[in-house]
Amino acid sequence: NMFVCQPPHLRQWLVKRGQSTITAEVGAPTARAACAVPNAASNRIVGRWLLGCSGLVVGAVVLGGVTRLTESGLSMVDWHLVREMRPPRTPEEWEAEFAKYQQFPEFKIMNHNMTLPEFKFIFYMEWGHRMWGRLVGLAYILPTVYFWKKGYFTRSLKGRVVGLCGFVFFQGLLGWYMVKSGLEEKPESHDVPRVSQYRLSAHLGSALLLYCASLWTGLQLVLPVNKLADTARLTQLRRFAKGTGGLVFLTALSGAFVAGLDAGLVYNSFPKMGERWIPDDLLAFSPTLRNLFENPTTVQFDHRILAVSSLTAITGLYVYSRRVALPRRARVAISLLTAMAYSQVALGIGTLLLYVPTPLAATHQSGSVVLLSLAIWVLAELRKVAK
């Protein structure tokens, strides 16, 4: 044997070298596996980014609600992706912008006595909302490019993220499509100029879908899955929670029709509508289906029914959850959802009785997003372990 014939010091060196080579060969895959992405650390980073994005979407929804309540949404009569990022600065630029606004129905019918300072206020409200929208777009698109290059996305996550970025772009186009509906001349209409309630609901609905998808994906990546015993009661609770979440979303969406038709100003009493439980003009429009989306009385009635149904469902979810063995975090989420549901209904009733004051109405609109967020948190806590 050639190895045995080597001098003792050379033999020791060869043994040591062989051991270090074996150690390096064994250790290399382990080190590579530890550094491979996506991993738990990269998932947390991506999850936090998506939660941050969902927070920005909430800001856009709240700002959009305030823009609607202050009747500022039709102050900017054209749309440019980059050029409008710089607002008017000189008195001449402001006069030119104001002159453009004066050519459209809102000024001619409602605001013909408006002064330049009053116009500046509504202009800055709408400008702020549009700039926030661009900030949301950058917050989604730029990190997506960075994380993609770093390899932080799994195959399924790539599809989701591309979908979210596409949805942000679609949301911007939908916003302008909505504004255009309020700028059109309608000689046959005797109503005040306002955006189409259908387009307003589509704009809000797509913003809420973007928010829900971002929040859900973010929570999945950040929150560890609860190891829950798969019982019949837990399965029933999951179904109950999903149905309740859907009802909360539908109620928030019906609120967009209330806002679009100023339906909060038709019956300012509760629990009855005027002197009756079911008002006379509930089905005044023909065909009957039009009432659901175009009759302010029916739209307010529907919103009341959906709100009370959501409150009842959330109360039932809370009561049923007491009979299921749940971890502390899931119990906290359900309790907060229940408390927020009662607060939201109280805010809605207050907004109605006080004839829709802007601060209270804006708080009620924001409350709907908080309620939806808590419903998604509950679903994230109750989700099944991925197999």
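Positions of Cβ are set from backbone N, Cα and C atoms, glycine also.
Keep in mind the model is a prediction, meaning the values are calculated, not measured.
Taken from TrEMBL as is:
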{"type": "TRANSMEM", "residues": "49-69", "note": "transmembrane segment"}
{"type": "TRANSMEM", "residues": "131-149", "note": "transmembrane segment"}
{"type": "TRANSMEM", "residues": "161-179", "note": "transmembrane segment"}
{"type": "TRANSMEM", "residues": "199-223", "note": "transmembrane segment"}
{"type": "TRANSMEM", "residues": "244-267", "note": "transmembrane segment"}
{"type": "TRANSMEM", "residues": "301-320", "note": "transmembrane segment"}
{"type": "TRANSMEM", "residues": "332-356", "note": "transmembrane segment"}
{"type": "TRANSMEM", "residues": "362-380", "note": "transmembrane segment"}
Listed stretch, out of 49-69, 301-320, 362-380, that has the most CB pairs under 8 angstroms to the transmembrane segment (244-267): 301-320
For the transmembrane segment (362-380), sequence-distant contacts whose Cβ falls under 8 Å of one of its Cβ atoms, 6 or more beyond its ends: 58, 61-62, 65-66, 69, 208, 211-212, 215-216, 219-220, 223, 241-242, 244-245, 248-249, 251-252, 255, 259, 310, 317, 330, 333-334, 336-337, 340-341, 343-344, 347-348, 350-351
Chain residues in Cβ proximity to the transmembrane segment (131-149) (below 8 Å; excluding those fewer than six residues from its ends, i.e. six or more beyond): 45-46, 49, 52-53, 56-57, 59-60, 63, 81, 85, 158, 161-162, 164-165, 168-169, 171-172, 175
Tertiary contacts of the transmembrane segment (332-356), as residues 6+ beyond its ends and Cβ separation under 8 Å: 69, 262, 264-265, 267-270, 307-308, 310-311, 314-315, 317-318, 321, 326, 363-364, 367-368, 370-371, 374-375, 377-378, 381
